[in-house]
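Engineer: I am attaching a structure below and will ask some questions about it afterwards.
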Amino acid sequence: MDIALALKAVILGIVEGLTEFLPISSTGHLILAGQLLDFNDEKGKIFEIVIQFGAILAVCWEFRQRIGTVISGLASDVKSQRFAVNVIVATIPAIVLALVFGKWIKAHLFNPITVATAFIIGGVVILLAEWREARRGTVSAPQGNALLEAAKAGAPRIESVDDLNWRDALKVGLAQCFALVPGTSRSGATIIGGMLFGLSRQVATEFSFFLAIPVIFGATVYELYKARALLSADDLGIFAVGFVFAFLSAFLCVRWLLRFVATHDFKPFAWYRIAFGIIVLLTAWTGVISWHA
């Protein structure tokens, strides 16, 4: 195995694992990293699909007990049935839009300038969402009115994934559609969208993880099938390296993020997005880095 190629696989695998579930856009980072490492040819595109599969398996492993409970309870447990319906409902909008506009989006928006712009806009949206969160609880409601107490200043009305209904799921699914633009971030769109629609930060994050499973798994299978003619046994070693590092880094990232959101907001990610986006635009405009359109 070529050492330089293996090192690229390690770097990209780690980039995928660390960015897939943070609100900073894995696709955007892979587009930029792929260009910097000169690994954005057809083989590189297939490689990205493989490492995404590694990342999603990390989520499946982390939530294996919950997934097993839902699957085993589909026949008789109402809570499991409602949860499965919510995931399906939230998945449909992005699938429909991807089937209709997917080719156009890849042809026109998969470039560093679009990614950088989406980084900045997404960062601003996160800051606005967190500003709204910070105002919650500062407006007091009349004592004795339970409904107003629960909803004062737009306080989260959903504190458990099991409390979601199909309308809530559909709203999150519609928010996920924005993630079709590279640089937006699927997790960022679903988490921030969920928070804006009344989910607590923890619930929005957890539901985003579950929602990633059918979305990324389905996209992986579909893209690998389309690229099957380009698959070669000679590439299995590189694919395996990237897959393993994506799985491990994603597993650690998911566990860390679940702890992080319990006591922190997403402002650090927002500022990172804005700063990173500005840097990419500046390097493009000054010619320091020759980003390809």
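Residue numbering: from 1, along the chain as shown.
Glycine residues also receive a Cβ, built from the backbone N, Cα and C atoms like all the rest.
The model shown is predicted, which means the values in this text are computed figures rather than measured ones.
Pulled these from Swiss-Prot:
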- 3-23: transmembrane segment (TRANSMEM)
- 43-63: transmembrane segment (TRANSMEM)
- 85-105: transmembrane segment (TRANSMEM)
- 109-129: transmembrane segment (TRANSMEM)
- 178-198: transmembrane segment (TRANSMEM)
- 203-223: transmembrane segment (TRANSMEM)
- 238-258: transmembrane segment (TRANSMEM)
- 269-289: transmembrane segment (TRANSMEM)
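For each feature listed, report its degree of burial, its nearest neighbours and the pertinent distances within the displayed model.
Structural biologist: Within its own chain, the transmembrane segment (3-23) has Cβ neighbours under 8 Å at 29-30, 33-34, 37, 39, 47-48, 51-52, 54-56, 58-59, 122, 126, 185, 187-188, 191-192, 208-209, 212, 216, 237-239, 241-254, 257, 266, 269, 273, counting only residues six or more beyond its boundaries.
For the transmembrane segment (109-129), same-chain residues at least 6 beyond its ends with a Cβ under 8 Å from one of its own Cβ atoms are 23-25, 27-28, 31-32, 35, 181-185, 188-189, 192, 195-196, 266-267, 269-274, 276-278, 280-281, 284, 291-293.
Note on the transmembrane segment (178-198): residues 20-28, 31, 90, 94, 97-98, 101-102, 105, 109-110, 114-119, 121-122, 125-126, 129, 132-133, 154, 156-158, 168, 171-172, 204-205, 207-208, 211-212, 215-216, 266, 269, 277 of its chain, located 6 or more positions outside it, place their CB under 8 angstroms from a CB of the stretch.
Cβ atoms under 8 Å from those of the transmembrane segment (203-223) belong to residues 20-21, 49-50, 52-53, 55-56, 59-60, 62-63, 66-67, 83, 86-88, 90-91, 94-95, 98, 156, 158-161, 163-164, 169, 172-173, 176, 186-187, 190-195, 254, 257-258, 261 of the same chain, restricted to positions at least 6 beyond its ends.
Packing against the transmembrane segment (238-258) from elsewhere in the chain are residues 1, 5-6, 9-10, 12-14, 16-18, 20-22, 46-47, 50-59, 61-62, 205-206, 209: each is 6 or more residues past its ends and has a CB under 8 Å from a CB in it.
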Engineer: Counting only residues 6 or more past its boundaries, what in the same chain has a CB within less than 8 Å of a CB in the transmembrane segment (85-105)?
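Structural biologist: Long-range Cβ neighbours of the transmembrane segment (85-105): 164-166, 168-170, 172-174, 176-177, 179-182, 190, 207, 210-211, 213-215, 218-219.
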